[in-house]
Every structure is written in structure tokens, then in C-alpha cells.
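Following: one structure in C-alpha cells, then a few remarks.
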Amino acid sequence: MAALKEEPPEAVTVKPDPDAGPPPPPPAAPQSQSPSPTAASSLLSDGEPLAGATDSKPPQPPQPPSTTAAAAATTTLSPASAAPQLPTDRQTLLAVLHFLRRSNLRESEEILRKEARLLATDEGDAAVGVLVEDQPDVSAVLSAYNQQGDPALYEEYYSGLKQFIECALDCHRAELSQLFYPLFVHMYLELVYNGHENEAKSFFEKFHGDQECYYQDDLRVLSSLTKKEHMRGNETMLDFRTSKFVLRISRDSYQLLKRHLQEKQNNQIWNIVQEHLYIDIFDGMPRSKQQIDAMVGSLAGEAKREANKAKVFFGLLKEPEIEFPLDDEDEEGENEEGKPKKKKPRKDSTGSKKDVKLKTATLCKQGLTAVDITDDSSMIVGGFADSTVRVWSVTPKKLRSVKSAADKESDDVLERIMDEKTASELKILYGHSGPVYGTSFSPDRNYLLSSSEDGTIRLWSLLTFSCLVGYKGHNYPVWDTQFSPYGYYFVSGGHDRVARLWATDHYQPLRIFAGHLADVTCTCFHPNSNYVATGSADRTVRLWDVLNGNCVRIFTGHKGPIHSLAFSPNGKFLATGATDGRVLLWDIGHGLMVGELKGHTDTIYALKFSRDGEILASGMH
């Protein structure tokens, strides 16, 4: 099943003031070189700069080619085919082909390649030559790093901007400081891509220490990209290139930045701002350092304001009214002699404390990687590094398998179908070929889900303790899987950066939620089953609409990968935990952070609300 399309690119929220003047003019190109498309596309038809880099660019004005350029064009392109330009379509096509090849989807790749050739034929011989000869690598994606600036001036450009920001007023300094990290990344990648290895190394060593501490993991990966060949196929580099870094800046701060770049004729930085950044301009007072720090930290910056404006229906479904008969032991009445009945003492359903402690010790010693408990606390399941799934009975009632043939002589239904010979406190389920990273009981306690490093999700029967279905859709390890509150549907997330929605009676996913820039590490259903929350190593949390597959919320603020999610029982709030040791509380209706809980010093792997929603428990490794 094809992945659902991501949200279309959005226009800039606020257009810059036209009275502020045009940006610095592009440098005059030498006669032996063709004009730079990046510089040409940085201006609107009326000379007004774009506030954020968008996918739509104005047509370039025709310029007479030089003798050298004309000769080169004659050898490769015909005069009639030199006019059409398809940079955006070409980049998208090559990126898709590259993804299909990495995913070993050869058949899909060949079909798309054939269709691309046919499509290109209709558009001219030039496009055919480009699409047929190029391989599905990232050469087109990286082509935006072509530049004609002096590599020796990169440090001067960056230092000049840094000095300007540090000398700005306090109210603007915090907002403009957000530019440091994305500009540093893209300037470094430009130097590496154009073969200036020594200049790139010097640039990195001089300025990497100025970046925020929560970007250190990304910078460590970036430092390993020292040659152009290293950039091909590198996932982190593709993330930097294909996703525009989002900055939220006030109009006053933005105008201040634009005037500075205009006065200094700093075209190199301005081109990066136009090409790789999305600046979300708002009217009002600039934000403080504390306000900014609360929302930044993700791999692609903050979430766009437009991403959190969709209406979320977080109300709960009306529970059916069902009357349950009271147990005999709870009924108060009189016996045949007219005397009040005596209540039978209840047995402890959780077993002795010694049994619980023994189970805990057993779990800890055998490489436990996942755990889940039924709602009535009758069973506990553990996923282990040895690829096994183990189910324990926490109550004195032992686990029994169904008989192969029912016993017709017994009056008790359970005795007819349940085999007492198989009764035991522990059942071990075999089937996975790698560590088990996710487990989930169905609400009716008849089924069990498990996800593994082997890329599969398995559905187990708790009546026969056997595997019923193996769901194959992920190409890489599956980190988490969760049943919906009403059963039947379940969700999974893995290393392939997508979450998938399944139904137990379908072996193919019903929805594919694509949009994260790194592993989907945890998943969680909303109490009304209409939404799915996903946490990722890209340090964002997304809320997806199950009905149409759209992303309706993007939460940023964590400074490390997300590892735990929990919805409040009333469905209004979402709690998230990450490697930064913080628990953040979100209002999903308004898309805002409403609380931050501190106290942990390491990764938070578990979150759980009490049944009344008044208490939230968090667990750290």
C-alpha cells in the first residue's frame, strides 16, 4: 500500500513588509558561467524577497548565454529543449527512486522509472536525457549545494552574522540566534559538497562549539561527512536537505536581519535562508529566550503554526449501558431459615507478595525488552532479547490451553474446552527471529501483539497460545505496537520512519502515517480510537487522524528522542517522555504545551495516567 502523502507545502504565514527594500543583489556572474538559479530565484517579480523558502519559485528572466555556455548546451541539449526546466520534479523523482531502491522495492522502482521515461519523452529530449541517464541517487537533491562563492569567506560571513546578532538588542537576540544552527549546517554541507574539505574542517572546528547542547548528536553525525562521497545515501544529510528548517520570528526581528544582510551584501547567507529555511513571521512582540527554548530542539526546528490549526475531536465515545448481575457472594439476603447470608471472604486476586517479587526478579535477569499488563491485572507479558514472548498469570488461576476436542460429559463449559493438563503460571511463545521490542494485550484479553527486530508483528491467541498471523509491512525493526482501546485495530512504528495502522483480519496495513524524519519509537491510541500519537527520534510528537491519515498536530519541545506516550482518560491531554528526562503535557485541542514535569535524570520509558486522570506516573531506566 502506498504511503499517504504528506501535507502540501504551505505559503509563508506573513509576507514581509514591501517598504523594507529588496535583498542584496546577486553577484554578477562571469561571462563564462551560466547564471545561478538560487540567486535568481531569491527575488519575486517585483523585487520582494520571500520570507520562507517555498517550493514555488518565480520564472527566471531570460538572459543571453555566453559563448562557452552555448557551446556546452549544444553538445548536450538541442536549442528547442534548452528552455524547459524541471528541477523540482527531477529532485522529487530521484528521491523517490532512491527510497524505493533502498527499500528493495525493485518492481516499483522499475515501473516508476518506465513511467518517468514516457513522461519525459512528452516534455522534450532534454528531460529524457536527464531522467534516463541519472541513477536514483541523491545527486539532484544535493545539487542545491552548488555555489560560486569564495570558500575562504564562509568563516567571515558566519562571523559577521554572529557578531551582528550578539550586538543586537536583547529582545531580538534570542529570536535571531535560532539562525546559528541551520546556517552552520548548510554552510558546512556546501563546503563539503563543493570539495573544499580543508575549509569545511576549519569552519566546523571554529563554530560547532557555539551550537546548543541538544544538537550535539546531530553535529556528531555531521562531522563524519567530510567528503562529497559521504553525503550520498546518508539519511541525516538527506533530512537536512529535503526538510526545511522552521523558524518562528517576529516581523521586527526579521526586518532587522534583512536590513543587515542587505547592507553587508551577504548573498551567501541570504541564499541559504531562501533555499533551506522556512521563516514563519508573526506580528507582535519578539519571544523571550525562555519561550523559544520551550519549543525548539527538533531535527527540523519548530512546527509551523498552520500544522496545528486543524480541529481535533477529542471527546470520548458514549459507553453502552449494560447491567451486570451481582455475584452470589455479594448478594445480601436471607437464607431458607430467615437468617442473613454471610459474605464469603474474597481471595487475594494478585497472589502473594512473594510471587510478585519472584516474577519481577525473573523478568530482570532474562533481558526484558518490552512489557504489558492487562487492564484487570490478571496477566503480564514480557518481550525478551532472545526473541521469545512470555506470558505469566499474576492470579492464582493458571494459564490453560484449549483442548483439541471438547469434553461433552462435563457440565462446566470451561472444563469442556480447557485442558487442565496444560495449566501453568508461564507460557512461552516462539516465532520471532529477533529481540521483541513491543507487546500489547487486546482489551478482551484473548489476543496478544508482539513486534520484533525481524520487521514483523505477530498476533497470538491466548486461548491456544499459538501464533495466528504474522504481519509483514515494515522493512526494518518494529519498535512498538499497540492495540486500540476497542480492539480489532492496532498501530505499529519502526525504524523505517513510518507508523502503520492495521486491522487484525487484514494482512496489509490500512493506513501509512509518513512524516517523521527518524525512527518512530513509540505509538499510542487516543481513548476514542479516532487518533494515533507517534513519538520519534526526530524529537517530535505527531497526532494522526485515523479516518483520513492526515497529521493534525506536531508537538516540538523535547531535546531528545521520544520514548513514551500516554493520553489522559478524558482524551484532552497527552503526556510525552524523552531522553532529556522531562515529561511534557500537551493540550491536543489547542495544540499547546500546558506543563513541564522535571525530576528525572535519564530517559523516561514509561508513562501512565490513573483511571481518574488526576495522577501521572513516569518510569525511568
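Yeah, the Cβs are placed from backbone N, Cα and C, and that goes for glycine too.
The compositional bias 'Pro residues' annotation in TrEMBL covers 19-29.
Residues or ranges marked as compositional bias 'Low complexity' by TrEMBL: 30-42 (among others).
The compositional bias 'Low complexity' annotation in TrEMBL covers 66-85 (among others).
The compositional bias 'Acidic residues' annotation in TrEMBL covers 325-335.
The average pLDDT the prediction assigns to the domain 'TFIID subunit TAF5 NTD2' (149-277) is 89. For 149-277, the entry in TrEMBL reads domain 'TFIID subunit TAF5 NTD2'.
What TrEMBL lists as region 'Disordered' is 1-86 (among others).
Among the features that TrEMBL reports, region 'Disordered' is placed at 325-355 (among others).
For 368-402 (among others), the entry in TrEMBL reads repeat 'WD'.
The feature repeat 'WD' is assigned by TrEMBL to 429-462 (among others).
TrEMBL lists 471-502 (among others) with the feature repeat 'WD'. Non-local neighbours of the repeat 'WD' (471-502) in the same chain are 3, 103-104, 434, 437-444, 447, 449-459, 508-514, 516-525, 527-529, 532, 534, 536, 544, 546, 549; each lies 6+ residues outside the stretch with a CB under 8 Å from one of its CB atoms.
Annotation source TrEMBL lists repeat 'WD' at 513-554 (among others).
Within the repeat 'WD' (555-588), the DSSP-based counts of helix, strand and coil residues read 0 helix, 19 strand, 15 coil. Residues or ranges marked as repeat 'WD' in TrEMBL: 555-588 (among others).
Taking DSSP states H, G and I as helix and E and B as strand, the repeat 'WD' (597-621) has 0 helix, 12 strand, 13 coil. As annotated by TrEMBL, repeat 'WD' applies to 597-621 (among others).
For the repeat 'WD' (597-621), the residues of the chain that approach it from at least six positions outside its boundaries are 560, 563-570, 573, 575-579, 581-585, judged by C-beta separation under 8 angstroms. With a cut-off of 8 Å between Cβ atoms, the residues of this chain six or more beyond the repeat 'WD' (513-554) that come close are 3-4, 6-7, 239, 243, 297-300, 303-304, 307-308, 310, 312-317, 479-486, 489, 491-495, 497-501, 560-567, 569-571, 574, 576, 578, 586, 588, 591. Across the repeat 'WD' (513-554), DSSP assigns 0 helix, 24 strand, 18 coil.
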